[in-house]
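The next block holds one structure in the form of structure tokens; read it before the comments.
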Amino acid sequence: MTDAAHLPPAPARGCRDVPVLKERGQREVFCGLTGIIWLHRKMQDAFFLVVGSRTCAHLLQSAAGVMIFAEPRFGTAILEEKDLAGLACANEELDREVDRLLSRRPDIRQLFLVGSCPSEVIKLDLHRAAERLTQKHAPHVRVLNYSGSGIETTFTEGEDACLAAMVPTLPDTDERQLLMVGALPDVVEDQALGLLRDMGVSPVRCLPAHRAAEAPGVGAGTVVALTQPFLNETAAHLERRGARTLPAPFPFGEGGTTAWLWAVAQEFGVDADTFAKVTEAPRARARKAIAGAAETLKDKSIFFFPDSQLEIPLARFLTRECGMKAVEVGAPFINKQIVGPDLDLLAEGPTIAEGQDVDLQLERCRAARPDLTVCGLGLANPLEADGLATKWAIELVFTPVHFYEQAGDLAGLFARPLRRRALLSGLEGAA
Amino acid sequence: MKLTVWTYEGPPHVGAMRVATGMTGLHYVLHAPQGDTYADLLFTMIERRGHRPPVSYTTFQARDLGADTANLFKTALQDARERFQPQAMIVGSSCTAELIQDDPEGMSATMDLGIPIIPLELPSYQRKENFGTDETFFQIVKRLARPMDRTAHVSANLIGPTGLGFRHRDDIVEVTALLEEMGISVNVVAPMGASPADIARMGAAHFNVLMYPEHAEAAARWAERNLGQPYTKTVPIGVGATRDFIQEVAQIAGVAPKADDARLRMPWYSQSVDSTYLTGKRVFLFGDATHVRAMARVARDEMGFEVVGMGCYNREFARDIRALAKEYGVEALITDDYLEVEQAIEELAPEMILGTQMERHIGKRLGIPCAVISAPVHVQDFPARYSPQMGWEGANVIFDTLVHPLVMGLEEHLLHMFREDFEFHSEAGASHHGGAAKLRAVDAAPEPDTAQPGAAQAPAEGEIVWLSDAEKELKKIPFFVRGKARRNTEKFALEKGVSEISVETLYEAKAHYAR
């Protein structure tokens, strides 16, 4: 069902069992605090209060860009010299800042105390602080905590830590339901819900929900469909509450989306005819949209630096549906339980790397001279200056890229730097 | 603890990065957790550098905490030495590493790497980015610069420009030209563009030009005491300051104050009749102390504005800015809280703001024109074109920068004035956005006048009511002073015990507050 005629059959040997190159050294990655930038857009009545240093505030400001001026629902309680002197004092200070914040923002229903490297190192107990503050501000506001520190989390793992912290607070339910997990842009979430509704899958709930009051229940009847590959802790927490996680490739591209939906369809007893009827038209649209970008991408080589854990599913999409050749697929963390189905579909060949020693990886990248390199903003311009085309990775987390209607846009994100390079070739040597 | 959304300055280790990234042949080993590499993108994106900053991070993780982090640091130091072959290195801790107390100084002292290793003490929980640049540059100079014979020719060092500095790149060119015109050559520019070997020969210059006190005052003072080099106190931003700077340099160097200002157009532009409407424009200044000081003088003495308020975010210069504000007869605002700045601007209701990226957004929110004069700035203020702030060309650039938002403000005002006109009604859109303009039918009925004088509901006790004629009259006042006119009139009415504002009240108040 999932192997349409136009897509290559699943490779005889995928990458699930190839040895993973595990590296340790300097890592050029964001910390989990960055997740706040997109999470706060999704959860409309939540405020994210980082307890950290000026560095944390500076990071959020650098990552949030201009968004910082639109009265964002996040901020940093900056630790000062006096907070480091005695811990009792730090708790009082935190309570005072939270009181002030909540009195200024009465619309807030969920407050996340987000741990940082400094707060973790001084062992400021934010978990107890969250419990204390929940009691104080109940029932109006629920205060939760998670860590987005760099010492514990890498980039998208911040979302994982946040959602995992919410799981214990979800109500119990025995209802048989599909729980779609991962913060998707609203437009994408609506499309996914529409497809599932048309197939007759019901009820479907989302984590995170837009508002605290819409939080889903969880229990033995819950089937979890992850929409993002980085939700390892969240999946584990949901399983602890009795839920079961569906193994499936992630819904990138036509093939990925179809396989994802098919996994759900099988679980909920959707017949093949209904499935075909619902997916036929959007599949055709997705194929057509991808074809445009695939002309540029065909036979081009691609190198992924670790960033978001989206690398393996994206490499699967680009190799199978756009005809690219993967050289190295680096990910900050690889959980084979979760990205296994994508690894199965990624033909053997590329180096699969977990972790990073950035200088060594740069050496490999420069030696391979890939046609396109996916990397962070700290590396992108330096690599471009070396003559390598790059696609900066953070955009893949902010831009709607999942499911059928975005499949063409997703391929377009990778084709654009190559098209631009070709267009500007007359500038060579001018700089 | 202090709740913050926006910070004017990063942590001090970002200041150290700015020094390291500005220099060549120097490498910075920063003991920092995974994630602190975010600061790289300030340089690769905002400044658009085509190289990675010369910074190695130990990027320790939770599992390393304990004895392992010290080893990570040593390995990182060793690796950086071998890989990058720098002439010297600086080492230090970021805020988190400061808490785990691994002592980079002690550890690097035990390793013999054959090059100078300069430890940095940057207290992250007390100080900020500008302290970081100043302290780092000072430590490098103190360690590497030595007294030596002066160059035969009169020469100067240009000190202060760093990576990620607001217009530092072009200011260097401009100041170099000013000195060359007087026959003075540049010995070393530092930190920007200098290698540790260059720092070592700083002592050969006859004096130092302190371009940015925020970033090099400590080094300038040290060089004065230990290398016998005087340093300039005037920062040549603006026509008057540039002339004073030339006098000061001439005196220090013992040369004639020659200046070729043939390309200086700013004074004539400012004198030309088209600029008359700039007279007495009420401006508010905020930014780093150096740029605020310089721009206050430009605003008052060279543009003919009225300075109604000023302040800076770097506390190191609080005393200077307080004294300066007193000279201008205004209150100094020393704060790093942008909400306080916003409040001050709202209260003063200036017609223009000269500030940083934050003030640009405050201005946008309040509908006040704004020009950016100081860091922190965003990518658009690292322009491709030549755009210094210093010297003659800097003065030209400043004139354009300060006038452009106002001309646009005037344009917008005219559109408002004629907004009942059939070509300029509110749905017509801006005149320069072609294609979308919609003409209103000439015979269309005017909008009905809904507000009736002494309207249905009675005003609450002590509330002031605007009669509809007065409200209409108020709308004829340029939008950028309307808020102030409204507040003044209401204040006047309150003082007079008048509860209804008529057109007369409006004009009586105007006469009362006339300057």
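Glycine too: its Cβ is placed from the backbone N, Cα and C atoms.
Whatever TrEMBL says is automated annotation, not expert-curated.
Given the structure is predicted, the values throughout are model-derived calculations rather than measurements.
Feature list (source: TrEMBL):
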BINDING   A:CYS31, A:CYS56, A:CYS117  [4Fe-4S] cluster binding site
DOMAIN    A:31-381  domain 'Nitrogenase/oxidoreductase component 1'
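Positions of the features from TrEMBL, shown on the structure.
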residue: A:CYS31; record: [4Fe-4S] cluster binding site; Cβ neighbours (10 Å): 30
residue: A:CYS56; record: [4Fe-4S] cluster binding site; Cβ neighbours (10 Å): 33
residue: A:CYS117; record: [4Fe-4S] cluster binding site; Cβ neighbours (10 Å): 33
Could you please provide the mean pLDDT value for the domain 'Nitrogenase/oxidoreductase component 1' (A:31-381)? 95
Which state, by DSSP, holds A:CYS56 ([4Fe-4S] cluster binding site): helix, strand or coil? helix
